[in-house]
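Asks: Below is one structure. I have some questions about it.
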C-alpha cells in the first residue's frame, strides 16, 4: 500500500484543526486472514484496479475459521463498489505517489510493495466469532454471506471468493492449514519458506565478484559522514571496459552504487525501466521478472560502452540524478509536503533534529523550542492573545537556546552595529539602531542580550536621547509581545498590531467589506476616546510593510488570475509569475474600488501621522511602486502622504481628543490635536500653540452624505482663529495645501469665541476615486511659518525608573521609514542600486520628517529559490550573515554603496537601523547526516510520517566564508568591555551565554532543524533497518558491495532450518542477524540469533507483525477478533489519538486512532457522538448501515448518527447513556430516564423533563440559579463567555451563575434576556420603558450615535437611552 500524508482542516468537536491526510491502499487482516489490493505490476507501469473498499461490510454473526473475512470480501467486491483508478508507476514502496485502492491482496506478501524499510504481516492469531465482539471500537456483526472456496485446476490450488474471483497475493488459514496464494497467478504455495536450497538470486557470477567494492574503506566510496546515499558512487574491483572485458579499476574509476545494488526489488525494476526508456536496453520489467538480473547486467554493459564513447561519466551522473529524483523514496513525495492552504510550515514541511548514537556529531543538549516572549520559560506567561509564535520558521533554524549560539549572536550583533568600523575602517558608516526580525520565532533570550548590549555600549537606559539615538524596534506580531516588552523595561518598540489590523479593516478593504471606523478609537494599545491621557507600552504602527499586505495580495492574484490555485506566494513561484501579478496589481492600484491593492492609504496615513503615543512607520511601497527601479515611479498617493509628513512637522503636537460622530447611515471619525504646549482643550498655550494643532475628519464609505452639522472643539488656544485645509478629498482625488500660500482665503474656516470649529452637513460628504474612497479632511491653523517645526528633541536628563523607552513628545516626534520593498527591480546600472539612490536623497527624507531609516537587510542572498526571499534576493535568505555586500554586490549595491548610504542619511540627521535576522541560515554548502523527524512549525511530530528519527542529509555545514573570519572573533574583547553580559543568566536556559566555543563554522549541532529539502525519506541508503555505513565499528555494506574477494566460496545460502527455527544465509554465506531483509520482493526480520520472526515482534521501540511464513504486514489492518490494528508503511502502529484522513481510491476517508495502536471499527461513541467505522476502520458517512437487523443512518457531513429504528441504540461501554434522537442523549437509571440536575462521573449535568440532556443551553437548578451547560459535553461551566447550541452567547460569573439584564463586563455595557442570551444587533426596552440598542458585532450598548430601528431613527445619548429625531 502506498501512502502520501498530507494535512487539511477538519472539523472536530466544532473546532477546525489540522489533521494528517494519507493517500493509501489498504490491506486488512481479520481473524488470521489478510486482505489487500493487487494494484500494480511492480515495475513502474500502470494498471487498472477495481475499487474494493467496502462501504457496508457484511459479517456472519456465527462466522468461524475465516468466514468473517470471507464474508467481508464478498461485500468488498459488490458490483456497486467497482470503479477504476489509474495507478501511477511504482517507484518507492515505502512512500509513493500512487493512489492504489484497498482490495483482496494480502499484505502478508509484500512482493508487490516496494518498500525500503518493511512493514509487518500476521503472526498466529486467535480468532473470535463476530458475535462475541463488542461494538465499542470493534467490528459489528451483520448479516451473513456465503464464503468462498478452494478449487483445484490442473493440479494447482486456488481460492475463489463468493464472486468467483481468484484471490491473489493473499494468505489465510483454512481448517488449520496456512495457505498463501501467489500475487501473480493466485496459485497456492507452501506456507513456510523452503530451506536447505540456495536461492536463485545467490548464484555467483562475474558481475557479482567484480562489482564488489575495491575495498571496504571510505576511500572507495562517496559518502556523507560515512553514510552512503542514493547519489553515492564507489570504486568497484573491476570495470567492464567498453562493455566487453573486466579490467582492474583505477582510483578515478567510480560508478553509481545504484548500478550494482538497489534497496529493494521494485527499485531495481524501476532502474531497469528507466534505462529502457533511455534506450540502453529494451523491454519492461517487474520486480519478480526472471530476466531482471540479466537486464541490469545489460544496462551495465551498455553504460560502460557509452562511457568509453563519451570519454567521461558526466552524462551518467546527470542521468543517475534524474533516476534518483524520479523515485518517491528519494524525493519530496516521501517527505509529507503540505501545500496551500494547508501548509504546516512556510516551506511545505519542517524537520526537527534529535540526538542519536548514529549521528553523534549533530547531538545537542539544548534545542528548547518555542521559547518566544510568551513561553520564554517553557510555560505561558502572557494571555492577551492565543497566538504566540512558533519555532521553525524557515531554512536551517538556528538553536538560539544554546548558550554557545547565544554568545555567537552577541558577536554578530556587535559586528553588525560596528560594521563600518570593522569592515570599512570608517566609524561614520556604523549603524545606529536595529530592527529585530521574526521575534515570535526566536528564543526571547536574544532580546535580553540585545537590550543589555545596548545598555552597556550606548547607555540606552541612562537618558532618552541615548535610547532614541539607538532605537530598537521589534517585528513582534503577537499581542503578548507588548506585555513582554513592558516587563523587560520597555527596551524596544513593539507593534500595535490590533491598531494595524483595525486600520486594514476600516481603510484597506474593498468598500463592501470595510469595518466600522468607530473601532479605531479604541483598538490596540491605547483607548484614544475614553482614556486619552494613558501611556501605553512604547510602540510603532504601520498599515503595510515589505512582507505584510503585499506578498499575500500578490499571491492572491497568482491564484485567481494566473490559475495557480495552490500558490501561497512564498514557494514554487518564479519571477515571471511575479511580473505578471504586478501588472495586475499596479493596474488595480489605479482603480476606484480596489480588489487586490489596499484602498485608502492616504486615509490611513492621515490617521496614523496625527495620533499621539505611537510612532508611525512609513512604508516605501506606499510612496513608490513596490516593483520597478528604486524610487523611479511614484504611487498616486505620494503627494498626499508627503503633505501629511511635512504637515506633521509643522502642526502635530499637544494633547489629542478622538471621537466618532454617528450620522444616519455611517459616521465620522474625528481627531483634534490641540497644539504644542496644550495637553487639553482648556490649555491656553502660547503663540506656538496657536500656530499648531490639527483637525482630522474621516469617513470610509464611498457614498456617505452627512445629515447634520458637526462641531469640533479645537481648544482654548484657538479661539476666534482661522483654519485652512491641509488635505481635502475631492471628486478628482486629494487636494493638498502644505503652506498658507497654497490656499485661497475663501477656503478658510473660523473658530468661534470658544474655539469651536463647525462644519455644515453639506461640507461632509464622500467621494470615490483612485486615491480615496470616503472622505478625508485635514485642517490646520492659519499663521504658521513655512519652516515651523513643533517636534520635540529627546531629553538628556537621567532616566530614573529603569525603563528605556517612555511615551513622550520626543518619542512621538519620531517617524520611521522602511526604505525598501521586497519586490523592487534588480538594478540595471550601478546608479540604480538602492543604496546608491539612498545616498543621494538624505535631504528629501529629512524634509519628510524621517528620523529613523530602516534599511533592507544587507546580507548577500542565497539564490536557491526555495522561498520567496531567495527568489527576489531581498536579503532575508542568506548563507553567511557576516557577508554584507562583501563577497559580491547584494541586491542593494556594493559595500561602498552601503557605507555611502549610511553616511548620507546620518549627515542629514537621520539615524540608520540595521536589520538583525537571527533565526535562519539558507543552503549552507556542506552536507551533514542528521537524525530528523518530520514535524510542523511548532516541532510537533507528523503522524504517520516516514521521516521519524531517520538519518537525513541536511545542508548544515558552512566553510570558507566570512563566518570563518568573524565568527566569535569579538567575544574576548566584549568580555573585557562588558563582563556582565557574560554572567547574566538567561531566562530560558538558566545559564549565561557561553563564549568558550567560537562558531567559525556552522553545523547541525547548532540548529533546531531545517525545512524539508526534497531528498526523500530514504536518501540515506539502508538495507532493511540497517543503514549503509563505513564508519569504524559501524561498517555495514550489502552483500553485493561488500569486498569478500579471495575469501572461501560459500557452500550454501538462502533459508535454512536451524535450532528449531528458520534462518537465512546471504550470498556470502553470512547469516543475517538483527535486521530486516528483503528476499524475492518480501520483507523478513531475523533476530539477534538469526531466527526468522513471526507474529508480533518488538524491534527497538516499535512492534511489528509478521505472518507465519515470516512475511511482513505493512500499510494494513490486523483484526485479532477483538481489536483492529493499523500498521503503516513502516510496519508500525500509530499511538497518536484522534482522526486521521486517508486518501483511498480518490476519496477522502477517515479513521479514528485510539492512542494504543488500535483503530475504531463498528459502532462507536466518541465525545457523545455515535459514529460507525467499517471493517477497515473507515468512517461511514451518508449511508445507512444494518447491524443485527437494525438500521442506522449516518449523516454525510460529519458522519453522526441521525436516524435509527432501535429505541435504545447507545454504544456499549456507555453505562446508562441512551441516544434519544439526533444527538440527543439521556441517562437511564433503574429503568427510568433521569431529569433535572445530576452529577454523573463527577460532572454536573442537567436533563429536561423529557430526559434529554441540556447541551449548549441554560437551565435553572433546584436553588433557582440559572446555569449554563456547554455544547460539547453538557457539563456545567465556570466563569466566562460561552456559545450556545444556536450560536448565541451567555456570560457566567464567578459563582457559576448565568447573568441576565443590563451588565457591565470588561468595560462594555451589555444586555442578557431572562434566559441569559446576549442581545446583539437588537433594541431592548428595559423595565423603566427606556429603549437601548446593542451592537450586532460586540454587543456593546450604543452611545452618542444615531440608529435606525424598525424604520425609525433614534439618537442614543451618552447613557445609551434613545430619543427620537
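For all residues, glycine too, the Cβ spot is worked out from N, Cα and C.
In case it helps, Swiss-Prot gives these features for our protein:
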- 80-89: compositional bias 'Polar residues' (COMPBIAS)
- 127-146: compositional bias 'Polar residues' (COMPBIAS)
- 80-99: region 'Disordered' (REGION)
- 127-152: region 'Disordered' (REGION)
- 200-1000: region 'Catalytic' (REGION)
- 146-166: repeat 'Cell wall-binding 1' (REPEAT)
- 168-187: repeat 'Cell wall-binding 2' (REPEAT)
- 1052-1071: repeat 'Cell wall-binding 3' (REPEAT)
- 1073-1092: repeat 'Cell wall-binding 4' (REPEAT)
- 1093-1112: repeat 'Cell wall-binding 5' (REPEAT)
- 1113-1133: repeat 'Cell wall-binding 6' (REPEAT)
- 1136-1159: repeat 'Cell wall-binding 7' (REPEAT)
- 1160-1179: repeat 'Cell wall-binding 8' (REPEAT)
- 1234-1253: repeat 'Cell wall-binding 9' (REPEAT)
- 1278-1298: repeat 'Cell wall-binding 10' (REPEAT)
- 1299-1318: repeat 'Cell wall-binding 11' (REPEAT)
- 1343-1362: repeat 'Cell wall-binding 12' (REPEAT)
- 1-36: signal peptide (SIGNAL)
Asks: Counting by DSSP, what is the helix, strand and coil composition of the repeat 'Cell wall-binding 8' (1160-1179)?
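Replies: Counting residues by DSSP class gives 0 helix, 11 strand, 9 coil.
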Asks: Counting by DSSP, what is the helix, strand and coil composition of the repeat 'Cell wall-binding 7' (1136-1159)?
Replies: 0 helix, 18 strand, 6 coil
Asks: Who are the long-range neighbours of the repeat 'Cell wall-binding 10' (1278-1298) in its own chain, taking Cβ under 8 Å and residues 6 or more past its ends?
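Replies: Sequence-distant neighbours of the repeat 'Cell wall-binding 10' (1278-1298): 1255-1258, 1265-1268, 1270-1271, 1305, 1310, 1312, 1316-1318, 1320, 1339.
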Asks: Could you give me three numbers for the repeat 'Cell wall-binding 3' (1052-1071), the DSSP helix, strand and coil residue counts?
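Replies: Breakdown, helix to coil: 0 helix, 11 strand, 9 coil.
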Asks: Averaged across the repeat 'Cell wall-binding 4' (1073-1092), what pLDDT does the model get? Just tell me the whole number, please.
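Replies: Mean pLDDT, the repeat 'Cell wall-binding 4' (1073-1092): 89.
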Asks: For the repeat 'Cell wall-binding 4' (1073-1092), what does DSSP give as the number of helix, strand and coil residues?
Replies: 0 helix, 11 strand, 9 coil
Asks: Taking helix as H, G and I and strand as E and B in DSSP, count the residues of the repeat 'Cell wall-binding 9' (1234-1253) in helix, strand and coil.
Replies: 0 helix, 11 strand, 9 coil
